[in-house]
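J.: Quick one: this structure, given as structure tokens, is what I'll be asking you about.
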Amino acid sequence: MTTRYIFVTGGVVSSLGKGIAAASLAAILEARGLNVTIMKLDPYINVDPGTMSPTQHGEVFVTEDGAETDLDLGHYERFIRTKMNRRNNFTTGRIYEEVLRKERRGDYLGATIQVIPHITNAIKEKVLAGGEGHDVAIVEIGGTVGDIESLPFLESIRQLGVELGRDRTLFMHLTLVPFLGAAGEVKTKPTQHSVKELRSIGIAPDVLICRGDRAIPANERAKISLFCNVEERAVISLKDVDSIYKIPALLRSQGLDELVVKRFSLTCREADLSEWENVIYQEANPNGEVVIGMVGKYIELPDAYKSVNEALKHAGLKNRVSVTIKYIDSQTVEAKGDEVLQGLDGILVPGGFGERGVEGKILAAKFARENNLPYFGICLGMQVALIEFARNVAGMADAHSTEFNKATPFPVVGLITEWVDEEGNVEQRHEASDLGGTMRLGAQLCHLLEGSKAAQAYKGNSCVERHRHRYEVNNKYKERLEQAGLVFSGLSSDRKLVEMIELKDHPWFVAGQFHPEFTSTPRDGHPLFEGFVAAASAHQKRDLKK
């Protein structure tokens, strides 16, 4: 199979939405019957985002094969059916690490290692490998043209443009076309300078995606075409919209997919965007609203919980309700108590690391349990629910996780190296001292308890979900917790690890050690999120009847 490559760059400012634009184009091409994949090339020196602060970088998206990647890969999976893997995201740090490892082994036979050709060759190899087996590979270059960090990536795609030829490569550049209120017009000069910068390093864009808060007038598009040496039909206006799921139709209406298909001489059907039209209709026509309180640690940056936010919206689509997310700092719960949890239709506690705010999350789980409020715990959200139950129901007053209190008399949650075996002996397992790459990662099979809410949600006796954690439920306390009424509704493939818990006599109190948000999509939703939002809606209706 001959793969065609579309390289997506950005200019003027960051956060223009390259990932959304790339994913939207991929969705249109997929709707035309093409096999499409998307890659993200990140210019930072970190090997991967696994140890980066969520408040700086946003969430870490975990792929099926366990790669810790950029959150843009979440957008990719939500827009197209192709599943991402570790070949779809790599960083400058990863490239340098691999090149230096080869140099230490002597693979370069004593040559002087340089950015060109050694680093650029390594980048090209990864791009070509990532595109194998697909009709079209869209490659997003992180950062902004002009950044010193991006230069090796830009040089690499310039070389690929020459080596593969125009019939296999296309360069798409996103720029900002701002509107100046004082002048009453849009300004094209930033776009002209951005394209000039790109051309100075040898890349001539074939398509310009012009971002702005309004549609670009025809005369300004003609002006951009003239000064940037791009066909007028290839100057695409991409205005702000109230839903990112409207963007595929917006790009298609301007013929972007047809331009790509003709450039690559591809034979394929017309795009069928009916699934996306259905998503847009559901989003615009809810039959009600629910308020979900998300009790977390990183709420100052919503992107830290990007996939959770989107999964809640998807569940709203499936339940025909609008989901309003109320972000609640878990430290605020610690300081003010449950008064900040009033008026909610459901509580969700997402994943996280570190001790800060954990008692607030435990209080949130207690509030939901005692008030029959729908509760959904994800990763740490499951662990705090278990800790709360152990303390206040099972009689283990000082129960905790060894992540937060190594001296706890009831370590109901322990590090993966601290598991207790079936005879009650502490089993120490080896763990590298580095934080990066030492977690349980990727898709894992989970067996579901027959008749449980989890099994009802999945409509089956098993599921496959993605993990990202170092701590597990300590099996030493499993029997005692079960006797107190906790239901262990999900177990690992070998049935030795607890994957899900729930409460029997509660409208909807379900938690999982995994991250179901990573597999939710606007077209398909996710069973657990759908069940949670349905329970929140039912809770609201019960309150209204009182």
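Keep in mind that glycine also has a Cβ here, set from the backbone N, Cα and C atoms.
What you see is a predicted model, and the numbers here were worked out from it, not measured in a lab.
Features from Swiss-Prot:
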- C379: active site, nucleophile (ACT_SITE)
- H515: active site (ACT_SITE)
- E517: active site (ACT_SITE)
- S14, K187, T188, K189, P190, T191, Q192, K223: UTP binding site (BINDING)
- S14, D147, I148, E149, K187, T188, K189, P190, T191, Q192, K223: CTP binding site (BINDING)
- S15, L16, G17, K18, G19, I20, D72, K239, D240, V241: ATP binding site (BINDING)
- D72, E140: Mg(2+) binding site (BINDING)
- G352, L380, G381, M382, Q383, E403, R470: L-glutamine binding site (BINDING)
- 291-542: domain 'Glutamine amidotransferase type-1' (DOMAIN)
- 1-266: region 'Amidoligase domain' (REGION)
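Show me how these features fit into the shown structure, please.
T.: DSSP assigns C379 (active site, nucleophile) to coil, not to a helix or a strand.
Other Cβ atoms within 10 Å of the Cβ of H515 (active site), summed over all protein chains shown, number 23.
Its Cβ taken as reference, E517 (active site) is surrounded by 29 other Cβ atoms within 10 Å in the chains shown.
Within the same chain, residues at least 6 positions away in sequence whose Cβ sits under 8 Å from that of P190 (UTP binding site) are G11, V12, T175, L176, V177, P178.
Secondary structure at T191 (UTP binding site), as computed by DSSP, is helix.
Classification of G17 (ATP binding site) by DSSP places it in coil, neither helical nor stranded. Other Cβ atoms within 10 Å of the Cβ of G17 (ATP binding site) number 19 in total over all chains.
According to its DSSP assignment, E140 (Mg(2+) binding site) is in a strand. E140 (Mg(2+) binding site) has a Cβ environment of 27 other Cβ atoms inside 10 Å.
Sequence-distant neighbours of L380 (L-glutamine binding site) (same chain, six or more apart, CB under 8 Å from its CB) are V349, P350, G351, G352, F353, V358, K361, H469, listed in sequence order.
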J.: For G19 (ATP binding site), which of these recorded positions sit within 10 Å, Cα to Cα: E140, K189, T191, C379, G381, H515?
T.: E140
J.: Between the Cα atoms of D72 (ATP binding site) and E140 (Mg(2+) binding site), what distance do you get, rounded to the nearest Å?
T.: 9
J.: Ranked by the number of other Cβ atoms within 10 Å of their own Cβ, which of the recorded positions I148, C379, M382 ranks first?
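T.: Result of the Cβ crowding comparison: M382.
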J.: Please tell me which one of the recorded positions listed here (C379, M382, H515) sits closest to S14 (UTP binding site), measuring Cα to Cα?
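T.: Checked the recorded positions C379, M382, H515; minimum Cα distance to S14 (UTP binding site) goes to H515.
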J.: Would you mind pulling the longest C-alpha to C-alpha span across S14, K187, T188, K189, P190, T191, Q192, K223, which the record has binding UTP, in angstrom?
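T.: It comes out at 24 Å between the most distant Cα atoms.
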